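Engineer: Below is a structure I'd like to ask you about.
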Amino acid sequence: MEAKDHIERRPDRVSIRRLKLVNFRNYAELSLPLGPGHVVLTGENGSGKTNLIEAISFLSPGRGLRRAAYDDVARANAEGGFAIHAALDCMIYGDAEIGTGTAGGGEGGRKVRINRIAASADDLLDYARILWVVPSMDGLFTGGASDRRRFLDRMVLAIDTAHGKRVLDYEKAMRSRNRLLNDGSNDDQWLDAIENQMAELGTAIAAARAQAMRLIAAMIERLPAEGPFPKADCFLEGALESRIGVEAALDLEEDFRRTLRDGRARDRAAGRTLDGPHRTDLIVQHRPKSMPAALCSTGEQKALLIGLILAHARLTAELSGMAPILLLDEIAAHLDMGRRAALFGILDELGGQAFMTGTDRALFDALAGDAQFFNVSAGQLTGI
């Protein structure tokens, strides 16, 4: 999907008007009515602020912003699994009721129901796009490539709803191939079939990533040159991604298929598949300083990450027609007064609903009158 040269109309607001939790982390039971605006959650560390926005992150595909095992999410010493229910106001699809949760005891994955009808997790993207910035992402640019790749794929998923299934199917096929190789199988016909699937999916994954990076780069170019958050230049370091747009997709697919076939002995010895989009890395540079993000200061990395997420949020709103719901955990504490004010202004401009957490309410005073404030203590919320 192509980004327009400008936003022809304001993206539709999607907001949570009521959130209910049962046996989620430290919440035995919660029913929280909400307005359409921003929400600020303050309280001491360990009170449950992040747990609440983690619950909201489960209204999108995946395992939430902590990537936790479902049994770990269910409240300790509670019988059964957990349940999350959200009533959404969505101008595109009308009001929607979303429920998700698990049965507990390791019984299957989580279930999703939309308007009381069983649905897939990917169907959630038809009703809301949810993005987040959390402290665990502070080391994104200096950590392992797998974290950046996961971050990249979540960005792609927000603008290409089929991407998540492609990645899951590719990883499933790759595990099957690894298992066959490790078992010493010489069933070429079976391996050929799996590698055909990997080649097709892998090329599609690389193409989707390259397209997303091109669109994000175009969005960043449209932003003011001297904005409050530094501009990022993003590059993909991957054998397939680097050739997207240069060579025909069918040629790339055939070449990857040949690489997999020729690499069977090497991959069997290594115990894993050594080539493919599962090895791709996202390289980010701080444009004003012409410096790799990994070499920037901690504060510069944080500002760069926030700027990238906000640019992606603009793109997501433009392409989907829905202003994304943003989950911003402990974000204000890392920003000076000028950048906090700029962030709040950008959130208003985006037109979506943002949930922000922090230990110091004073950091959010500029939002007084424009946001709902709650104090969180031991899994209990009190309006302030």
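Just so you know, the numbers here start at 1 and follow the chain as drawn.
Note: Cβ is positioned from N, Cα and C throughout, glycine not excepted.
So Swiss-Prot says this about it:
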BINDING   Gly43, Glu44, Asn45, Gly46, Ser47, Gly48, Lys49, Thr50  ATP binding site
Engineer: Which of the listed binding-site residues (Gly43, Gly46, Gly48) has the least company, meaning the fewest other Cβ atoms within 10 Å of its Cβ?
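Structural biologist: Output over binding-site residues Gly43, Gly46, Gly48: least Cβ neighbours within 10 Å is Gly46.
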Engineer: Asn45, Ser47, Thr50: which of these binding-site residues has the sparsest Cβ neighbourhood within 10 Å?
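Structural biologist: Checked Asn45, Ser47, Thr50; of these binding-site residues, fewest Cβ neighbours within 10 Å: Asn45.
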Engineer: Count, for each of the binding-site residues Glu44, Lys49, the other C-beta atoms lying within 10 angstroms of its own C-beta, and report the residue with the smallest count.
Structural biologist: Glu44
Engineer: Hey, does DSSP put Thr50 (ATP binding site) in a helix, a strand, or just coil?
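Structural biologist: DSSP call for Thr50 (ATP binding site): helix.
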Engineer: Sort Glu44 (ATP binding site) into helix, strand or coil using the DSSP assignment.
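Structural biologist: Where Glu44 (ATP binding site) sits, the three-state DSSP reduction gives coil.
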